[in-house]
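Trainee: Among the features that Swiss-Prot reports, active site, phosphohistidine intermediate is placed at H443. Annotation comment: Swiss-Prot describes N57, Y476, R572, H601 as ATP binding site, evidence class sequence analysis. What Swiss-Prot records for R383, R413 is Mg(2+) binding site, and it gives sequence analysis as the kind of evidence.
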Amino acid sequence: MNTAITATTPTEYSYNDRYINRELSILDFHLRVLEQAVDPLHPLLERMNFLLIFSRNLDEFFEIRVAGVMEQFALGNESRSPDGLTPRQVLQKISETAHAAIERQYRILNEEILPKLREEDICFLRRGELTPAQSAWVKKYFQEQVAPVLTPISLDPAHPFPRLVNKSLNFIVTLEGKDAFGRQIDLAVVPAPRSLPRVVRLPDELTGGKEHHVMLSAIIHEHVSDLFPGMTATGCYQFRVTRNADLALNEDVEDLAKALKGELSSRRFGRAVRLEVTQNCPQHIYEYLLEEFDLNEEQLYKVDGPVNLARLVSNFKRPHLRYDSHTPVVPKVFKKTESIFSAMQKQDILLHHPFESFAPVIQLLREAARDPQVLAIKQTLYRSGADSEIVQVLAEAARNGKEVTAVIELRARFDEESNIEVANVLQEAGAVVVYGIVGYKTHAKMIMVVRRENNKLVRYVHLGTGNYHAMNARIYTDYGLMTTDKDLCEDVHRIFQELTGMGKMAKLKKLLHAPFTLHAQLINFIDEEIANAKAGRKAQIIVKVNALTEVQLINKLYEASQAGVQVDLIIRYDLLFTSGITKFIGKHSGTFNCRTVSFEHTRVYYFSNNGDARIYCSSADWMDRNLFNRVEACFPIEDPALKKRIYQQGLLNYLQDNQQAWLLQGDGTWVRAQPAAGEKLHNAQRELLETFK
C-alpha cells in the first residue's frame, strides 16, 4: 500500500500551511472515534459503545479545550495561533464541526443502532409503546424509587434559578395552576440525581424474557405532574449544561493536597460552555436557559434523544454482539520460575499490554511486600485509584515494615480526588508520600524494588509507557520493561532522588528524562538521521505517540524529510502539522507516512541509526507539556530480541494496517486506509490478538 506523502521546504509555505489548529486536531480524533460506530467490522454492541465513548470524549473536549479557548476570547485575546486562527475563529469552526458531528451521532443511534438492537430483542421503549402492565410497573417504580429522591424547584423571586452541577441531567417543566400557597408558578426545574440509573430494565415477566428498557428521562417525563400536586405540567424538557472543568491552582500554596481539595468543588460549577436540549424544546424555553447560563445559540445543541448518551449503558446479555473476550497471556519466562525476582535476574522482560498480562507487575510488588529480604519500594502513581490492587499491595508493604515511597501526582486531570484518597491510604499505612516537584507534573512510570542478596543491595525496576492501572492495562496498549540492568536501575534511583529530595539535575547513564535531556536528545537523534540521509545512507524515523504538537520537533521532522529521511508517524489523537502534499508533492526525496489508530497509548521512538537501530519507549508524548513541564522517563530497549519485537509488532505492524488506520492528507484531513488492489487485509490489533493467544 503506497501511502507516502512528500514533504515541503520551509521557504515554500506559511505557518498556516504547515500547522493544524490543536483544538480542531483533537476534534478530528473524536470524529474518527465516531466513525467506528458505523463500521460493520465491529459487532453491534461495540458500535454502540463507540457512540458512548464519543459522548464522553466530547464532554471532556468542551470542559477543557473549548473552555480554554472561550477564556481567551472573553479576555479579548485576538492573537493567532501557529495555524493562523484567532480564538473567535477557532470557536466558530468548533461549533460548526461539533454541531454536525452530534447530529450525525444521534442519526446513527436512531437509524442504525437502535433498530438493529430491536432486531435482537433489545429495546428502549418509548412511553407510547408500554403495555398497561408495563405502565403500571413504571408508575410504581417512579413512586418508590425515583420520586423520593427528586427535588422539584419552582422558579420565582423566592426560588432563583438553581446552580446545576456540571453534566447533570435536568428537566425544565412548564406549569399551569397555583401551588399550595396560591402562587402562580409557570416554570420549575427538576434535577435528576446521579444516583439514579439512566436506563431501567423491565422485569422479564412483563417482556416475555426480552431485554426491554425504559429511559429514566421517559419515566420522569411521564409522571412529572405527580411532583406538582394540583397543577398541570404542560411541558417537560431535558437539558444538560457542560461547564469549564479545568482547575486553576496556585503552585505556591503551602499544602498542595489541601489546596486541591478546595478547588475540586468549583469544577462542578464552573462557567457554562455548552447547553444541550431535546429537539422538541420550545424556543422561548431554550432562550431562557441560554440567558441563565450566559450562552449564545452557537453554544446550544439540540439532540434527538437522551441528552447524555455517555450514561446510556446496560449489561446486555448478548455475547455474540460483542468481541470475544481476550485473556491476556503471561509470558513464558514467568511460568518457568516461582519468583518474579529470579525471572528478572535472567533477562530483561518486555510486557505488551493488553495482549500480555499486567499481573507480573502486581506480582513484583506483592512479592516485594512479603519478601523479608526486600528493604524498600519506590513507585510513581499518576492514575491508580485507592481501591486498586497496586495501592493495596503498597499499603501492605508499608505495614510490613518496608520503606515505601510513593510519588503521587495529585493533579492528574479528573483523577485528583482519587489521588488524594490514594495518598491518604498510603500515609495511614506508613508510606512516605510526596507530590513530586512544584510546577512540574510527575508523569514518569517507574517502580524500583531494593532487595538484599548475598550481603549486597540489588535493584529491580519496572519502566512503563502507561499508568499503573490494571483496568486501563486491559483496554489501552502500552509497553512495560522489567529489568535489573545496573545503569538503568541507577538512573531510576537518581530520578527518585530528584523527586523526593533536592539538588542539581541528575546525570543519567541511559535514561533520557524530561524536562532536562529528552527534548535535546531527540533533536540530536533526528540530526543524526539527517546526516545519514545526506551521506547517502538509509535513514528512517518512526514516532508512535498519542500527540505530536511540539513546534521544534515538528520543524526538525520537516527538515529530516527534506533531507531524504523516511518519516513514519503513528499518532493517536493530537497532531499539529500537515504534510503540505497538496502544494509540494514530488519535490523532495523524503516522505511522510502519517496515520492514526484508536485506543493506542504506547510511546515508541525509532531511529534507524545506519543499521544499528535505536528504540526508546517513554511516558512522554511529543508535546510542550511533556517535554518541558513534566517529569518523564524515556528508556532504551537494548536486547536485540526485544528491539525486533517492538519494531515488528509495535511499529511495522501498524504501518501495514489497512483496516483501522486513518491516513493524513496534505490539506490536514484524514481518510480511512484502504487495501490496495490485491493487498491482504491487515488489522494491526487483530494481528496482535492472534499472536498472543
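Each Cβ is built from the backbone N, Cα and C atoms, and glycine gets one as well.
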Trainee: Through the lens of DSSP with three states only, how would you label R572 (ATP binding site)?
Mentor: strand
Trainee: Using Cα coordinates, what distance in whole Å links the residue listed as 'active site, phosphohistidine intermediate' and Y476 (ATP binding site)?
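Mentor: That separation, Cα to Cα, works out to 17 Å.
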Trainee: Using all protein chains in view, find how many other C-beta atoms are within 10 Å of the C-beta of R572 (ATP binding site).
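Mentor: Other Cβ atoms within 10 Å of R572 (ATP binding site): 23.
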Trainee: Fill in the CA-CA distance, R572 (ATP binding site) to R383 (Mg(2+) binding site), as an integer in Å.
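Mentor: That comes out at 20 Å between the alpha carbons.
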Trainee: Compute the C-alpha separation of N57 (ATP binding site) from R383 (Mg(2+) binding site), stating it in Å without decimals.
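Mentor: The Cα atom of N57 (ATP binding site) is 18 Å away from the Cα atom of R383 (Mg(2+) binding site).
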Trainee: Within 10 Å of the Cβ of N57 (ATP binding site), how many other Cβ atoms can be counted across all chains shown?
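Mentor: The answer is 19.
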Trainee: Taking the Cβ of Y476 (ATP binding site) as the reference point, list residues of the same chain whose Cβ is under 8 angstroms away and which are at least six residues distant in sequence.
Mentor: H353, P354, G466, F599, E600, H601
Trainee: When you measure from the Cβ of R383 (Mg(2+) binding site), how many other Cβ atoms are you left with inside 10 Å?
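Mentor: A count of 19.
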